[in-house]
Every structure is written in structure tokens, then in C-alpha cells.
Amino acid sequence: MLVGQGAGLLGPAVVTAAVVLLLSGVGPAHGSEDIVVGCGGFVKSDVEINYSLIEIKLYTKHGTLKYQTDCAPNNGYFMIPLYDKGDFILKIEPPLGWSFEPTTVELHVDGVSDICTKGGDINFVFTGFSVNGKVLSKGQPLGPAGVQVSLRNTGTEAKIQSTVTQPGGKFAFFKVLPGDYEILATHPTWALKEASTTVRVTNSNANAASPLIVAGYNVSGSVRSDGEPMKGVKFLLFSSLVTKEDVLGCNVSPVPGFQPQDESLVYLCYTVSREDGSFSFYSLPSGGYTVIPFYRGERITFDVAPSRLDFTVEHDSLKIEPVFHVMGFSVTGRVLNGPEGDGVPEAVVTLNNQIKVKTKADGSFRLENITTGTYTIHAQKEHLYFETVTIKIAPNTPQLADIVATGFSVCGRISIIRFPDTVKQMNKYKVVLSSQDKDKSLVTVETDAHGSFCFKAKPGTYKVQVMVPEAETRAGLTLKPQTFPLTVTDRPVMDVAFVQFLASVSGKVSCLDTCGDLLVTLQSLSRQGEKRSLQLSGKVNAMTFTFDNVLPGKYKISIMHEDWCWKNKSLEVEVLEDDVSAVEFRQTGYMLRCSLSHAITLEFYQDGNGRENVGIYNLSKGVNRFCLSKPGVYKVTPRSCHRFEQAFYTYDTSSPSILTLTAIRHHVLGTITTDKMMDVTVTIKSSIDSEPALVLGPLKSVQELRREQQLAEIEARRQEREKNGNEEGEERMTKPPVQEMVDELQGPFSYDFSYWARSGEKITVTPSSKELLFYPPSMEAVVSGESCPGKLIEIHGKAGLFLEGQIHPELEGVEIVISEKGASSPLITVFTDDKGAYSVGPLHSDLEYTVTSQKEGYVLTAVEGTIGDFKAYALAGVSFEIKAEDDQPLPGVLLSLSGGLFRSNLLTQDNGILTFSNLSPGQYYFKPMMKEFRFEPSSQMIEVQEGQNLKITITGYRTAYSCYGTVSSLNGEPEQGVAMEAVGQNDCSIYGEDTVTDEEGKFRLRGLLPGCVYHVQLKAEGNDHIERALPHHRVIEVGNNDIDDVNIIVFRQINQFDLSGNVITSSEYLPTLWVKLYKSENLDNPIQTVSLGQSLFFHFPPLLRDGENYVVLLDSTLPRSQYDYILPQVSFTAVGYHKHITLIFNPTRKLPEQDIAQGSYIALPLTLLVLLAGYNHDKLIPLLLQLTSRLQGVGALGQAASDNSGPEDAKRQAKKQKTRRTLRLQEEFQLMWCLVPWRGTLGIHLFSSLPFASEILLETTATCIHY
């Protein structure tokens, strides 16, 4: 049976679909129908790798190896036959260090929708080799973990990968493609001696050229005194193995005053503790060291414990433990006017508000007899300010930190010559000191009666400003300077001064002609009513003006002459701190006003100047004002893309008026561009019914018009020369005529056209030509009239496209298919003629087309550098004959053939022959596959020439056999989906096979080796629904034949869980009780509910044995207003087969109620029952049932009587009577129960319904021995 079909290549880019091998059931048949599906694909790589080193393996989901194969050495193709449906894992197993994506693929083979059945490729893509290396500690065979190692291309800065070293210093990069790389190591604290190396990756894994070396590791510790950190303690480092040259970042000079005690130690260097008491050695190589602390004060050397400490540096930073402690003084200081400043003499220094000393001329002071402790120090000096300092004084602080001045006085004075008349004189002003530094702080003080003031300021840059009241500012009071900048450094500033300011304002007037009489005004903008005017007069074209004694403020200066144009008719000036000058008014012309419906350009011509243009103005829509430079009558002509009511207008400067211009049409432009000069006609249709269709053309191109103009100019010059020649006579005719040439016509060609449209008009433009195609065929445009329409129409015309081609060598009947690029269906199909040629056209030249060719038995490939030409190659074929070792045809063999982009997988039929036709010339790789057989040759590369037909013979040898059987239930029904396995025994224990039964319960275990004994049994995994098998296993011994009729009976798991229980409570509450069952994740909705009725026992319908969590809850309808009670609940998991639970319910009444004693009612019946029990028990049972009913009635009557009694009686009698009644009933019940010969299930059922029985039933049974 043929279950797959290959296909030849119609071109190098065409790939045949993977073969889908469908099949059929498992049974004793031995043939191709046993194959369910074939899974194949490629191992792909962009770089050259050895495919023969890679294996593809198929595992079951439980990890059993089902099949393995290698890849085609030429293209990495692989194929694996599957004989069972189910879940599998496909893995690629390359050499160690090679990376692929993905590494595994999970398969669910159902024979219908999985990737193998559908013929899809399963591809593994090579992503690179591995690069290995080490980071070592200097002089050591191992290295540290945690060093950051980066990989980058040689000569670049960009990182490709980063990793960190593992313990021992090893590191590795994966997925590295061939190339030259640089490896760099970094660490935030460790010093690296060799921080980089190189590696070259070619076609396998690579190692770094050399190891990276860590020079050393940082070692740190700390020292304290009385719990406080100590600064300045020296720590000396010694070693007998490490040299000074290997230690980095450490002071190697000797320590004055230190006497070594151990001569065997070699001194290396020392470090000093910092402010926080910490010390560190920057870089120490791995090895053993000794550290000795040394601390000498100003006059004494202190002891430090421990006095010596040995430690070892391995491959990491080290924190020295324990902490060092200093075990077992006048101090001096200085007062400075700034950091690194001069000393402040005569400053008073106070210690804890008690001890006072004065500083010397250099600012120094000395405090005697100081003990270790915390002190408060304060310094005082006129015009200098200091902050109080709290300091810890200890033996390590013989020199106190400098006391630095934090502030200085800034003082000054305000001088006002006279106050404005409109305000009352003030005696005091607020003065503000503002910082120019980052904090931008403000300080405000008030002057004294004499105008003096002072600030306290820290060093920095400041400005001082006087806050003049707004009323005084409006009145013109201004102080100069407005702000006083100053810098406070290391001494007070005492020379800040402010004085009053008055100014003058001056300027000039420039006229085009004689100025005549003009008026200039100065008006205050901040003080209403303050206005001053100057009348200017003169027969000159320039005049000056000046306003004196102007108070500071904002002013508006204006010049009055409405019919003239001024560069500035008014100016605003502000008098601040200086006089204002250079104010200028300049006349620019004579005013003209016009109203326009659109923005246009106006050309002005003045009478008396001929056609000379005296002005061109670009004006906007609306009312425009502009100036004419001369007086007189002007002719005004609009120039724009709009047409107006008049072609021109007149204006007289002696009679000013507003010119009004309204547009009625708008100029629309269009262009048609072609690659050839052809006849072009344009039809324009308007949306306005009254406008007829306009036909323009045939149009002339811009190039044609330019040529005609050149010809006209040449003709005019020729006629001029002839005219001049006639006048000059014979003498002129002796000269040869001048030959003039015109420009050649060259494309593209542009055809321009235009149309005057009304506002809101919609036009449709349609071009036409005999030989051109237009894109688009027509265009619409709407003219709004708001602005120039411009070029609204742009259409391109192109000549039709013709596609032509040739087949080499000449081949008739080749099918040529023309398609638009991206289209799903072909546009045109033609066949080549007897010359092997074809031609298609005309086509739209602006579209892209694809040209393909095909002919049975040929491969056609496009000729490089041409469009539409193809080369034809005759295809080749290969025929395979596959036989068994007895020379009989071998059906069912899967033969995989691949080469280049071609691959095919076919099954041999009954004749054992497979033929692959229509193959392109080239190399091919074939591999026969069938489980339980080996083949010779097992695989081979073959070379196929053009038109060649090869014949290859393959022989298959049987190497293993199969076991057939069925799995059924006890009643003979087949069991589908049971996982079976054959487990090898004794010397064959490493071998095993597995499979799954089909829908008929049949199974086939393939690949069983001759001479081996196997146990055929159910697999431990995947058979959760099966409880056991009979027999547990079947023993088979494999010879040289298949084994049949290995049958096994299985028993399914019972998937049921029983839930029962009982309630311990008084029977009077039973009618009010319900038992509810919930799933633990949903306690809002019970899944089952049962009512107790008159029984203490309950049972739920069977549950699924699903391992879920459940909750059983007892619920009651007893009113909470009368009873207090707790509703019990029990949680459990549905594991196993049965669960019995007990719930206790003990409600109590909120108000005690009296019960009528019931002992007198039941004593006689109980006594009679005991006497007659042994003789008439067959007659006593009905009587006992009747008695039980009567007792319940009596109980109810007693309850009713109790309810009707008064509350006071109930309170007095309830407790006493209830106790006596309970004891008496219990004794009578015990006696009767122990004398009844049939106490058992029936007795429990009868007595459990009594009001008191449930409380004493269990206790009574235990006491029967006493009776």
C-alpha cells in the first residue's frame, strides 16, 4: 500500500511537502500498514557544521528510547518512522557544547491533526558553539566565583553575552557563532591582573587563549573604643609567603615607633583606620597573613586587642573578625573666620557653659584636663556668629575640629533727599537680604529712625533691596541702586548705601518733508492724571524734545498726526535707574485703507509716472492699512489667483476712502505627465448646471511650446538678418548664413491646463489619449475659494507595457504564467512558440508582475540579469529495489531521499520497488528505515546527472521480532489505552519496549531481540484506571519468529468514596438538624444535604474518589433567640474508600425551663419488659415499639407543661429536678439494657430514639458486666 508520495523540484525554490504516512490498526499483519506516521525535518545552520555528529532521538513521555537516527550529511534532513500513536518527545543530541533551538519537541501523535500527520517540518536550528575558560587567583590553580565575564566581538565595545564564574573560577558562553572574540572580566572590588583574553571560534567548541587572573581580594575590618569608632589606628600586615610586589593599594613605608616582636614575619605594608573605625587592604593575593594593630596618641601608645591576628585569603573578599578594641589628655583647637581661613583673635570659647578661654592672635586655644566624654563648645565675637558644637572628645582627638564662623554682619544706610509731594514722609523702611546661592533664602529687617540697618548672613553671594511702599513707588520714589549686590566671605560688610534717583527723557522727530506743527506728549502709565506735553514747530525735517525731572516709572510718549504713517506712533519707556534718551519718531508715508475678500498682491502706478510701478504690496484678507510713500492719484491693479469685479481701481491720497475688492472666480491648475509625447485631451465637467463642459486640447506639452517659441525666435532673427542684408547690399550677401538649432524633445512631457472656478464648485477632470493609460483615469476637485486652489490635478500617463522572453535552449509549449505581484490568481497564461519565445502585452506599467514557467519533465530557472528569460533542464530519476535476505520483495520499508531543498519519504509496496522521478541534477542522500530490520547499505550519498536514471538495490536483514496480544476485562470487553511493556530479563535486562492498546484492545510490542526472555506486563505509569492484571505478567522467550496470543485480563479501579457519620445529641433536636456537604473551595453552596429525621446516623450518596478537599457542616433550625449552640464541622480529603465522622451538638436554653419527671411513667414498663424479655421476646418487640411511642408522647407533654409554667417556678425547681430525673432514668435504662438478651443492632435502633438513650448508650454497654 502506497502511503506517501514524493514530488520532483520544479525549481530550486520549490520544496515538496513532507510525506504523511497514515495508517491503520495493530494486528498480526506485517506490512506497511503498521506505520502510523513519519516525523521529519531539518537540522539547520547558517554556518558550516558536521551534520554526521548529530543524532535525533525519539522518547516516550516516560523517557524510554523508541528510535534514533542520524542526519543527512549534505543538508541535515532526518526522518523517524512511528508505529504507535501517543505522546512522544523528540530530542536533538549534538556534541557537548553545541546549541540548538529548540532542544526538544513534544509530540501528540493522533494520526489526524498533529504536525507529523499534517506533513509539517520539525526543524532544529543551530545557534552556536560553546566557549570555555577560567578566572584564576594569582599563583593558584583555582579561582573565585562571582566574577563578571563578558564576550564581545574583537574591535567592538558592544557586549554579546555576560556570565559569572562558578566556584573554582570556571565560566562558559553558549550559542557563539564562528568568529574572533574578546573576553573581558570585571569585578567591583577585586583587582584584576589579566582582565582580558581572546578566543577564535571556527567549526567546534573553543577555549579561551589564556586564563584571566585576579591579582587580589579586598580585606577589611574595624576598630572601636568604648563602642565608638576609632580613627588613625595603624594596621601592619605581615606574611611569610607573599611579597610586597603582590600587594596593591597599601602603604609600604615603615611605621615610626613600631618594634616587631616576631622576626620570622616579613613586613609588607600598613593601612590606617578611617573616621568610621574601618580599615581595609585593597588587594591581597590568596595566602596566609598576620595583621598587628599599632596606635600611638600625641604622647602615649595605646594597647589594642587582639594584639595579633592571623587570617587566610582564599578566593573571595574577607571581613576580619573580631573587631579590634583600643583599651586604655589637654586638647587644642582653633577659631577661624572660614574654612581654611584666618584665625579669629579675642574670641571667647565656652566649654559646657562653664570653662571660658580666649583665643590667641592666630585664633588658637587650649583646653586642659579633659577626660573622655561629650562636650558642648561655643565661640563668641562681635559681628561674627558661630554655631554651638557638640563633640565627642577621646584620646584619638588631641586636636579638636576647627570652630568656623557661620555668619557675619551686613550693615548699611538709606539716604532720601526729598519725598514726593503726594505721600507722607516715613521714618522706617523694610530692607530685604536675599541669597543668590541655591537656597534663595530671604531675611527682612527694619531700619532705625536714621535709616541704618544690619543683617546676619552666612558666607555667600547676596543682594540687598529696600522695600519701598507701593504708594511711594507710584509717586516716583526710587532708590539707587535698586539692588545692592555683595559677597560675604570671611568678614563683616559695613558699607551698604542707597540714595534717591530722578531722571530726564529726550528724543527727536524725523519727517519726510517739512514737519510744521507737532505735539509730543509724555503720560505716566502708573500714575493717573500725570501728563506733560511739548508743542514742536519748525520748517525743518527734524526736531528734538526733552522732558526734565522725571520720576521713575513707566511712561507712554506719543506724537499726534493721524493722516501720516509713522514708524512708531507711540513708544513706551520705563525710567528705572538711568536717564532715557534716543527716543525717535519717524514719518514713513501717507495712510491708505482697503478691504479684501482674499489675500492678494496689489500693484500701484502713480499718474505722471507712466507705467512705472511705484509699489507692490502683499495683503491679507480683511481690512489692510498701508502707506504710500508719495501723495497723488494711484492706479491699483490686483495680481492673484483670483478674479475680481474690476480689472483695476483708482485711489487719490487727497480724498481718502476705503477700497473694497471682492473675488468672483479662482484659478485651478492641472498637469498631465507622460513618458511619451502623444495626443492628450482634457474634459472638465462642472457641478454647476449653468457651466457647460469644457474640452481642452489636444494639448501641447511644455516641451513643444518651448520648441515653438525657439523656432519663432529663430525665424524672427532670420527675417531681421534678411532685412539688414537687403539694406547692406552685395557686401552682406557674401557672408554665409548663420545656422541655429532648436532643443531636442526629451521626456517626460508635461501638459499644463487651467480653469477659472467659482467658490464651492466641484469639477471632474478626465484625460483621454489613443495610446496612453492614465493614473488615475479621472480626478475630482472641490474649489472652496478660501485660498488659491493651486495645482489640484496631477495625472500621469504611461504607455502600455509588453513582457517578452525566451527559453534557452529553444523549447516549445512551455507554460508562461503572468501574475500581478501579490495576487492569488494568474493574470495571463500563454505558451512559448516553436522558437521558445513569447510576448504578453500591453499591461499597466505601474504594476509589478511575476513571470513563472513550467513544463512536465523539466526544471526551468530564471536567467540571471534578465526579466522573463529561462533556462530549461531535463529532470533525472532514481529507482530503488528493496529485498529481504531471502531475495523476496520487502514491503513497508520507509525510504527517505533528500538533496538540496528536495526531500521525499515513500513506503515500498508489495513489489519492494520505489521510483523517484523529476529530480534535478545534484547530490542526494537516501536512508531506508523499518523497525526490526537493518539494511545494506544503511545510507548513502549518490550523484544524479541531468537526464540520468539510476537503479539501486537495497537488502534488508531481520534483527528483531514482535509480540502480539490483547487486553480485555473479565467479561471479555476490549480495554483501549492500556500501556503495555516488554521488560528484558537476565542478560537482556537493559532492553525494553512499550506500546498502548488500540480500540480493540490489541497491542504489538516491536523490536524484541532473539534469544531474550521478556516479561509482558502493564506499565507502572499511565494505567491509573487499572487496579490489577491477571496474570501480573506473561513470560515470553523470543526465537526467530513473532509471538502471538499473549492475552491479559485487567480489573478497573473502583472510583467510589463512601461517606457516613453520626450525631451525638438529644433526640428532641434531631428534627431540627441537617448535615451539609461542601467542597472546600466553595463554602457558599452545598453539593449535598441530608436530614436526620429521627435517626442519629446519616449516609451521603457515593462521592468520586478524586482526592479533593471537602467540609461536612451540621446545621440547625433551632432559634438563636432561645438557644445557644455551636455548629460543628469536619474537613476531610476523598482518599481511600470510606470515611465515618462524628458530630456533637449540645445546645443550651437561654432561660432554664422546668421538666416534668418522667421516671414514674417508664419504671413499670421497663420492669415488665425485663421480666418477660427472656420468655416472650417474640411478642415483646411490638410492645416495645408501642412503649417507645408513648414515652415520646409523655416527653412532649412534659415539655408543654414546662412551657406553661411560670418563669419563677422554673428558676427555683429546674436544676434540682433535672438532676434527680437524669440519675434515675440512667439507672433504669442500664438495668433494662443489660437484661435484654437481644441487645444488638435492633436494640440500638429501638433505644436510640428515646430522649435519654443517645447520651448513655455507649456508657451502659461498658457497665453491663456488673449485672
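Cβ atoms are placed via backbone N, Cα and C, with glycine included.
Positions annotated as signal peptide by Swiss-Prot: 1-31.
The average pLDDT computed over the topological domain 'Lumenal' (32-1155) stands at 88. The topological domain 'Lumenal' annotation in Swiss-Prot covers 32-1155 and rests on sequence analysis.
When secondary structure is read from DSSP and collapsed to three states, ASN50 (N-linked glycosylation site) falls in the coil class. All protein chains considered, the CB of ASN50 (N-linked glycosylation site) has 13 other CB atoms within 10 Å. The N-linked glycosylation site annotation in Swiss-Prot covers ASN50 (among others).
Taken from Swiss-Prot, the feature N-linked glycosylation site applies to ASN218 (among others), supported by sequence analysis. Spatially close to ASN218 (N-linked glycosylation site) yet at least six residues away along the chain are THR189, TRP190, SER280, PHE281, TYR282, SER283, LEU284, SER317, LEU318, judged by Cβ distances under 8 angstroms.
Reduced to three states, the DSSP call for ASN618 (N-linked glycosylation site) is strand. Swiss-Prot lists ASN618 (among others) with the feature N-linked glycosylation site.
According to Swiss-Prot, the transmembrane segment annotation covers 1156-1176, on the basis of sequence analysis.
Residues or ranges marked as topological domain 'Cytoplasmic' by Swiss-Prot: 1177-1267.
Sequence annotations record features per position, and here Swiss-Prot assigns region 'Disordered' to 1198-1219.
In the shown protein chains, 11 other C-beta atoms lie within 10 A of the C-beta of ASN618 (N-linked glycosylation site). When the Cα atoms are compared, ASN618 (N-linked glycosylation site) and ASN50 (N-linked glycosylation site) turn out to be 79 Å apart.
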